[in-house]
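Colleague: What follows is a structure written as structure tokens; I'll ask about it next.
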Amino acid sequence: LTCLNCPEMFCGKFQICRNGEKICFKKLHQRRPLSRYIRGCADTCPVGYPKEMIECCSTDKCNR
């Protein structure tokens, strides 16, 4: 699996996930519209705090 891993809105950098990591995720804090994204690989979908938006997917570079 290959996931994007840069904080900018339009991301071109990616990483190859390690064995066992089968989820790509994207996290953004909703109260801070200009905040940076957190993207990467995970073994399960991360749990977010209140006001965090988390999207998880399982295909290559799907965490745009």
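Indices start at 1 and increase along the chain as displayed.
In case you wondered, yes, glycine gets a Cβ from its N, Cα and C as well.
Quick paste from Swiss-Prot:
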type     : residues    : note
DISULFID : Cys3-Cys24  : disulfide bond
DISULFID : Cys6-Cys11  : disulfide bond
DISULFID : Cys17-Cys41 : disulfide bond
DISULFID : Cys45-Cys56 : disulfide bond
DISULFID : Cys57-Cys62 : disulfide bond
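Give me the local environment of each listed feature.
Modeller: DSSP gives Cys24 (disulfide bond) a strand state.
Taking all protein chains in view, 17 other C-beta atoms sit within 10 angstroms of the C-beta of Cys11 (disulfide bond).
Using a 10 Å radius centred on the Cβ of Cys41 (disulfide bond) and all shown protein chains, the other Cβ atoms total 21.
The DSSP secondary structure for Cys56 (disulfide bond) is strand. Taking Cβ-Cβ distances under 8 Å and a sequence gap of 6 or more within the same chain, the neighbours of Cys56 (disulfide bond) are Ile23, Cys24, Phe25, Ala42, Cys45, Pro46, Asn63.
Using a 10 Å Cβ-Cβ cutoff, Cys62 (disulfide bond) registers 17 neighbours.
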Colleague: Just the number: how many Å between the Cα atoms of Cys11 (disulfide bond) and Cys3 (disulfide bond)?
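Modeller: Computed Cα spacing between Cys11 (disulfide bond) and Cys3 (disulfide bond) is 10 Å.
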Colleague: Which residues in the same chain, at least 6 apart in sequence, have a Cβ under 8 Å from the Cβ of Cys57 (disulfide bond)?
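Modeller: Set apart from Cys57 (disulfide bond) by at least 6 residues yet with Cβ under 8 Å, we have Ile23, Cys24, Phe25, Asn63.
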Colleague: Taking Cα-Cα distance, which of the disulfide-bonded residues Cys3, Cys6, Cys62 are within 10 Å of Cys17 (disulfide bond)?
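Modeller: Checking Cα-Cα distances against Cys17 (disulfide bond), the disulfide-bonded residues within 10 Å turn out to be Cys3.
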Colleague: Which disulfide-bonded residues are spatial neighbours of Cys41 (disulfide bond) here, meaning Cα within 10 Å, out of Cys3, Cys6, Cys62?
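Modeller: Taking Cys3, Cys6, Cys62 one by one, the ones whose Cα falls within 10 Å of Cys41 (disulfide bond) are Cys3.
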